[in-house]
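See structure below.
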Amino acid sequence: MGQHQHLNKTAESASSEKKKTRRCNGFKMFLAALSFSYIARALGGIIMKMSITQIERRFDISSSLAGLIDGSFEIGNLLVIVFVSYFGSKLHRPKLIGIGCFLMGTGSILMALPHFFMGYYRYSKEINIDSSENSTSTLSTCLINQIVSLNRTSPEIVGKGCVKESGSYMWMYVFMGNMLRGIGETPIVPLGLSYMDDFAKEGHSSLYLGILNAIAMIGPIIGFTLGSLFSKMYVDIGSVDLSTVRITPNDSRWVGAWWLNFLVSGLFSIISSIPFFFLPQTPNKPQKERKASLSLPVLETNDGKSQTANLTSRGKKITKNVTGFFRSFKSILTNPLYVVFVLLTLLQISSYIGGFTYVFKYVEQEYGQPSSKTNVLLDEFLKKMLQINGKFRGIVTLPIFASGMFLGGYIIKKFKLNPIGIAKFSFFTAVMSLFFYLLYFFILCENKSVAGLTMTYDGNNPVTSHRDVPLSYCNSDCNCDESQWEPVCGNNGITYISPCLAGCKSSSGNKKSIVFHNCSCLEVTGLQNRNYSAHLGECPRSDACLTKFYFFVAIQVLNLFFSALGGTSYFMLMVKIVQPELKSLALGFHSMVIRALGGILAPIYFGALIDTTCMKWSTNNCGTRGSCRIYNSTLFSKVYLGLSSVLRVSSLVLYIILIYAMKKKFQEKDANASENGSVMDEANLESLNNNKHFVPSAGADSETHY
């Protein structure tokens with residue numbers, strides 16, 4: 001008998017061990033799958049930002065429209081965030097996350113599809129990719145006293161070309177694909193974190209969250225590497241003979257293989273979705289037990305009366321919940337501290353979103369560095385400054401950001417900052433970030449020297465406006481097409497819009513090494529060596545400008561650090577200024593406002609203002625405006641940096657108002673608490689005088705202590 005009991009106990013302990021192992025393994029599998037989904041999410045986001053300029057050029061659209069495409073991700077997110085937040089916890093969370101990752105991957109692949117249906121990219125109106133003829137023959141030179149009809153297109157062909165180029169509306173597929181990405185990304189964070197918090201060991205959730213955020217940084221590392229690699233590849237790689245392509249990544253018309261970014265990102269997201277479909281709804285119970293437990297309530301409610309009672313009680317509960325929701329919503333909207341906080345973070349985060357969306361375009365226009373080189377130059381700079389081994393390059397900026405986030409949280413915890421202290425600390429980090437940001441104004445390069453846009457065609461006098469710059473005697477008889485953009489760099493250091501407008505009479509060489517000779521507009525600039533030649537492409541920036549770019553990167557690292565340092569304080573401050581039971585609603589409403597007014601609108605109005613600084617627009621065969629070929633770099637910098645600075649300064653003003661209001665509120669609370677304490681003390685003294693034998697009960701003692 002005893003032996004039998006011993007065997008039963010052994011079997012029970014073995015089964016309990018198996019259950020614990022199953023639960024542990026299920027949760028670990030979920031964490032591993034969630035880590036991959038975090039990487040996929042971050043990878044897709046960084047690739048979108050890096051590809052925005054390439055998309056703008058490929059579809060021949062303005063920066064404001066490109067900003068709308070970028071903001072479509074937030075539109076998709078907003079469409080389903082309420083439903084996911086409410087219904088997600090009631091359904092199979094791992095499967096919902098898996099479906100989200102699959103949709104995110106499908107959206108990325110949809111964004112790449114237009115490349116396969118649009119035909120070859122034409123970087124010039126006169127280029128014929130399918131032609132095997134020498135590229136030099138399509139570049140018009142100065143033909144004095146001759147009527148040029150070779151490169152003029154007949155009205156019939158223009159009409160046909162116009163119909164053909166209506167394919168430029170295929171940017172709508174990119175818009176819809178990015179929106180689908182936003183829909184798919186929605187369940188990953190809220191459902192993933194709630195699942196983790198429900199089934200993690202007590203006190204381990206914060207550790208797992210830190211691990212997830214650390215692993216997620218692999219996504220941007222992969223994104224920057226892939227973005228830099230693919231942007232150096234020509235968009236139609238594998239479809240055209242690359243030896244016939246005469247532009248380089250330094251050309252403002254260059255479009256890299258942006259579609260490869262989205263294909264890789266999409267496939268990675270789809271692969272990351274697979275494990276979620278094999279995970280249980282809860283790691284604590286096997287599949288059979290869960291099905292049985294789910295079927296029990298159905299068996300118990302067969303009686304008609306009990307069903308009616310349940311429906312009635314549920315109806316009352318729903319009405320109560322809806323009423324409670326609106327009451328809670330009114331409570332946070334009538335909380336002045338919360339409203340001020342939402343406004344200031346909206347301004348600050350809008351500055352970050354708009355700035356990051358166009359930072360690659362800014363570097364390209366201001367410092368003459370193509371986006372494919374930006375990340376490489378950043379790594380080279382950090383290698384020189386920090387003496388880091390080459391194999392660790394590319395993973396420096398993200399740890400700097402992570403260390404700022406960690407240090408911010410550590411300072412708040414170490415010094416046990418109260419809400420006012422957290423607000424002051426956040427204000428300090430915002431001031432320091434703004435200080436370093438304003439330093440960008442002191443390291444701007446001179447405006448580009450472009451004949452016909454920033455100076456006269458003879459290259460001797462600057463112009464106040466790039467519009468309608470008159471032709472010079474050096475090219476007025478050349479019968480040039482002034483809408484053409486085929487920049488050449490004269491050996492006088494000035495860029496000319498085309499060989500024809502430079503007055504060049506002949507050319508030699510082929511493809512990318514074409515040299516134009518006898519350029520009459522170079523003669524009038526006072527060039528002494530009488531070698532009046534020009535080569536294909538814009539003139540490069542000076543060495544002094546490249547040095548300023550390195551300073552820009554150094555300041556950007558410091559700016560990034562202080563921005564990250566105050567990142568933790570945002571969330572801490574938000575939950576401190578609302579009632580504890582309203583935290584979730586406050587966080588959700590804040591997220592909705594930031595996504596709607598920051599994530600969607602910021603790229604659009606940043607792009608619209610940047611468009612106003614364009615000096616030369618491309619024109620398609622229909623004669624309509626396309627993408628910008630060259631910007632007034634000085635005006636571009638002032639608009640880009642100025643708008644961001646205005647948003648940040650405005651947020652600092654609201655910070656001061658918030659801190660003042662918080663001080664006033666907490667002082668009133670302290671005053672009320674002290675008054676209540678003095679009244680209670682007087683009442684206690686009076687009762688003691690009236691009854692000398694009074695012995696305070698446990699309840700009275702606790703109340704007095706309170």
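Any Cβ shown, glycine's included, is placed from N, Cα and C.
Pulled from TrEMBL:
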DOMAIN    30-662  domain 'Major facilitator superfamily (MFS) profile'
DOMAIN    468-523  domain 'Kazal-like'
TRANSMEM  29-52  transmembrane segment
TRANSMEM  64-84  transmembrane segment
TRANSMEM  96-117  transmembrane segment
TRANSMEM  207-230  transmembrane segment
TRANSMEM  258-279  transmembrane segment
TRANSMEM  337-360  transmembrane segment
TRANSMEM  392-412  transmembrane segment
TRANSMEM  424-443  transmembrane segment
TRANSMEM  549-573  transmembrane segment
TRANSMEM  585-606  transmembrane segment
TRANSMEM  639-661  transmembrane segment
**Message:** Restricting to CB pairs under 8 Å, which listed stretch, 29-52, 549-573, 585-606, is in contact most with the transmembrane segment (64-84)?
**Reply:** 585-606
**Asked** With pairs 6 or more apart in sequence, are the transmembrane segment (585-606) and the transmembrane segment (337-360) linked by at least 3 Cβ pairs under 8 Å?
**Response** yes
**Asked** Any residues 6+ beyond the ends of the transmembrane segment (258-279) with a Cβ under 8 Å from its own?
**Response** 26, 29-30, 32-33, 36-37, 39-41, 43-44, 47, 50-51, 54-55, 58, 94-95, 97-102, 104-109, 111-112, 114-116, 177, 184, 223, 226-227, 230-231, 233, 235
**Asked** Among the recorded stretches 424-443, 549-573, 639-661, which has the greatest number of Cβ pairs closer than 8 Å to the transmembrane segment (337-360)?
**Response** 639-661
**Message:** Can you tell me which parts of the same chain pack against the transmembrane segment (29-52), counting only residues 6+ beyond its ends and a CB-CB cutoff under 8 A?
**Reply:** 66, 69-70, 73, 94, 97, 100-101, 104-105, 108, 178, 181, 185, 188, 192, 195-196, 199, 208, 211-213, 215-220, 222-224, 226-227, 231, 258, 261-262, 265, 268-269, 271-273, 275-276, 279, 283, 356-358, 360-361, 371
**Asked** Could you count the residues of the domain 'Kazal-like' (468-523) that DSSP puts in helix, in strand and in coil?
**Response** 7 helix, 11 strand, 38 coil
**Request:** Go through 207-230, 424-443, 549-573 and flag the stretch with the largest number of C-beta pairs under 8 Å relative to the transmembrane segment (639-661).
**Result:** 424-443
